[in-house]
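Comments concern the structure below.
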Amino acid sequence: MKELEIISGKPYRIYIDNNLDKLSTVLEENKINSKMKCFLITDDKVYKLHKDVIEKLKKSLNMELYYFKNGEESKDFHTIEGIYSFLIENNCNRNSLLIALGGGVVGDLVGFVASTFMRGIKYVNIPTTLLSQVDSSVGGKVGYNFKGIKNIIGSFHNPEFVYIGTNFLKTLEKKQFIDGLGEIVKYSLIRDDGMLAYLKENYKGILERENDKLLYLVKGCLKIKKDIIEQDYEDLGIRNILNFGHTVGHGLEITSKENLSHGEAVALGSLVAIRLSEDILKLPKRIYNEVEEVLKKLNLPIKHKVDNYKLFMYAINHDKKNDDSIKFVLLSKIGEPKIKMEVTKEQLYHAIKDSIG
Ligand code: GLY
């Protein structure tokens, strides 16, 4: 098992393994035992898929179970109210612990509840999707969507620990697995540590979800994320590089009416950002072809027609990561992202046409 210590805000550890065999030892190490009242919160899909894990935890902990409907539509205040009510009805107190078991929606909602219930209680995160294992479970960002704006309400609240079992990834649907790969390609571009070449050479094993490949990717991404959030936990500067590909990605995700997953949209957004980087930062043209080839190998999209350009621009301009103008994270080289690069609407229009359009 590999461990990473995150020193930003309240420090915590990430445990990374294929399986959950060492979870009971980790719980003990973190002084979580049957004397503590625990609340495992998940969604109906994860509940059905991983009943065995939940039953095992139930035997060793004093644990109540709550689950809500799977999906991004559940990431709202209605679900949060349901969790608050359940916690109150079951006498959750300031010494209780929440356990998030699931993807990014579960982790973000449970983290938000933990940050607000009785002014803050403890939680642990056991992410089950590739996207949440490589990104959202680490960094302390928790929250929910409101009035159609993603993650507009939220806070920072670190877990007691994050336990990653890559075996969870074996039961993901293909689209959901590929969703996470889009975010991994982003990591391979913002840091030059050989991950892009690794993706190119090992794509078959990755798509077959071989253990060593999964562990390599999860550890690799989290090492990058650790380094970034330790410099800028509150997302006031350098952490913004994690949004590479996300400005256009966000607009595509909204206008595609859920045909594109987050990771697919980020992959397309990365191509547009690379095209803009050629124009604005003189990024060598060969990078585009290299990234396009990797995306194809990983079954990620490389073309997408923006159906409703007006709505797309509206979504981009209302992205909370932007001020008045459209600001992008661009690349001067692989591993050298530059934040807050101003892009005109015309430059963006041409870049889309010359890349994914
Ligand atoms: N997922 C972007 C961040 O954690 O800042």
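Using the three backbone atoms N, Cα and C, a Cβ is placed for every residue, glycine included.
Listed in TrEMBL for this protein:
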type	residues	note
BINDING	Gly104, Val105, Val106, Gly107, Asp108, Thr128, Thr129, Lys141, Lys150, Phe168, Leu169, Lys170, Thr171	NAD(+) binding site
BINDING	Glu183, His246, His262	Zn(2+) binding site
DOMAIN	67-178	domain '3-dehydroquinate synthase N-terminal'
DOMAIN	180-322	domain '3-dehydroquinate synthase C-terminal'
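Features per TrEMBL, on structure.
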residue	record	contacts (Cβ under 8 Å, 6+ apart)
Gly104	NAD(+) binding site	Pro127, Thr129, Leu131, Ser132, Asp135, Ser136, Ser137
Val106	NAD(+) binding site	Ile41, Thr42, Asp43, Val46, Ala100
Asp108	NAD(+) binding site	Lys75, Ser136, Lys141, Val142, Gly143, Tyr144, Asn151, Gly154
Lys150	NAD(+) binding site	His250
Leu169	NAD(+) binding site	Thr128, Thr129, Leu130, Gln133, Phe177, Gly180, Arg209, Leu214
Thr171	NAD(+) binding site	Leu49, His50
Glu183	Zn(2+) binding site	Leu130, Leu131, Val134, Asp135, Cys221, His262, Gly263, Val266
Cα-Cα distance maximum in Å, computed over every pair in Gly104, Val105, Val106, Gly107, Asp108, Thr128, Thr129, Lys141, Lys150, Phe168, Leu169, Lys170, Thr171 that the record assigns to NAD(+): 28
Entries of Val106, Asp108, Leu169, His262 (binding-site residues) sitting next to ligand 1, with Cβ under 6 Å as the cut-off: none
Counts by DSSP class (helix H/G/I, strand E/B, coil) across the domain '3-dehydroquinate synthase N-terminal' (67-178): 50 helix, 33 strand, 29 coil
Sorted by sequence, non-Glu183, His246, His262 residues with Cβ within 8 Å of centre, Zn(2+): Leu131, Asp135, Gly182, Lys186, Gly245, Gly249, Gly263, Ala265, Val266, Gly269
Counts of helix, strand and coil residues, the domain '3-dehydroquinate synthase C-terminal' (180-322), according to DSSP: 102 helix, 0 strand, 41 coil
Around the Cβ of His262 (Zn(2+) binding site), the count of other Cβ atoms that are within 10 Å: 22
Per-region confidence, the domain '3-dehydroquinate synthase N-terminal' (67-178) (mean pLDDT, whole number): 97
